[in-house]
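Engineer: Got these off TrEMBL a minute ago, pasting:
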type	residues	note
REGION	1-48	region 'Disordered'
COMPBIAS	19-28	compositional bias 'Basic and acidic residues'
COMPBIAS	29-41	compositional bias 'Low complexity'
TRANSMEM	64-83	transmembrane segment
TRANSMEM	89-107	transmembrane segment
TRANSMEM	114-136	transmembrane segment
TRANSMEM	156-177	transmembrane segment
TRANSMEM	189-206	transmembrane segment
TRANSMEM	226-246	transmembrane segment
TRANSMEM	258-279	transmembrane segment
TRANSMEM	285-304	transmembrane segment
Amino acid sequence: MGQSHEVGGGRSDLGAAEDSGRDARRGTGPDTDPDTDPGTGRYTGRGGAGNAVRAGASAGGPRALGAVGAALLTAMVAAQVASGLQARPVGLTGVVVLLLAASALAFAARAYGFAAAATAFALSVAAGYAAEWVGVRTGLPFGGYGYTGLLRPQLGGVPVAVALAWGGMGLAAHATASAAATRLPGGRGTRIVLGACALTAWDLFLDPQMTRLGLWTWDVPGPYRGVPVSNFVGWLLVSLLVMALIDRTVARRDAGSAGLVSVYTAMALMETLGFAAVFDPPDPLVAASGGICMGLFAVLAWSARSRRPWRPWKPWRRERRLGWRK
């Protein structure tokens, strides 16, 4: 009887081992990282206590961050509208940029986790500030220019708001490019190049607007509303660096964040409407050039997202999304 009991116990242990092996092959066992898609091995950033620790959020954290990002984005739109209606809109420019950066950071934290989002944002701000600091002293890589004293505070002759704008729109442009790139070949290189072009497209609005407001001046005015061609070449180069830093930081995460794509889209719509009808005088050329270029990236991103299998975030049904079996 004792021998039979041992054999039975051995069979039970063997069965458990076989079940564990099947679970491991399926990616559904208890040791499986719930932050990773079992089919592709891709980091999703949506599941499990491990992700809650890394993201610094509870199960309700992502929803809360999304709500915060949406509220900040709404406030940014309101501030931009108020700025466009003022006779001297410079006073709200810094507020708009601050809300833009905060909104992008909240959406990025929801998509990537706090640590990755903060790192990507900080690297983008640092890269943008470094390029501007060198630019106002050497003329490289944008061309000869200088900031006036209207936009403050400044650090080393560079407005802090300018550096924050590199971070906020850098995250938004990278997410927009990441969504669009899901339907294109090339992987990481495609995302970086598309992101750099998407960020540079924003400058088709930004430089004419800020030059008009007198926030900076060009040593040698260029053909595009006083902006030289070298400025856009410089923007593309710096944007490539910013995109590479962001992409490296958020690797294997769900980079095509709908919230960040919304930030990019909102900026495209606001700037287009502003130059077409709100600013005095209107500027149809800038409205068309910036609107078409930024709009193209936004449309590509939303189109790519709409063709993904839609999976609503339902934490109480996580076991089905991850392929667990009952």
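Heads up, the Cβ atoms here are built off N, Cα and C, so glycines get one too.
On a predicted model such as this, the values are computed, not experimentally measured, just so you know.
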Engineer: Is the transmembrane segment (156-177) packed against any residues at least 6 beyond its ends, judged by a Cβ distance under 8 Å, and which are they?
Structural biologist: 93-94, 97-98, 100-105, 107-108, 111, 117, 120-122, 124-129, 132-133, 136-137, 146-147, 191-192, 194-199, 202, 206, 215, 238-239, 242-243, 246-247, 250, 255-257, 260-261, 263-265, 267, 297-298, 300-301
Engineer: Can you tell me which recorded stretch out of 64-83, 89-107, 114-136, 189-206 has the most Cβ pairs within less than 8 Å of the transmembrane segment (258-279)?
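Structural biologist: Highest pair count goes to 64-83.
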Engineer: Let me spell it out: take the transmembrane segment (114-136), skip the flanking residues so only those 6+ beyond its ends count, and list any with a Cβ under 8 Å from a Cβ in it.
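Structural biologist: That would be 54-57, 101, 104-105, 108, 142, 145-147, 155-158, 162-168, 170-171, 174, 234, 238, 241-242, 245-246, 249-250, 253.
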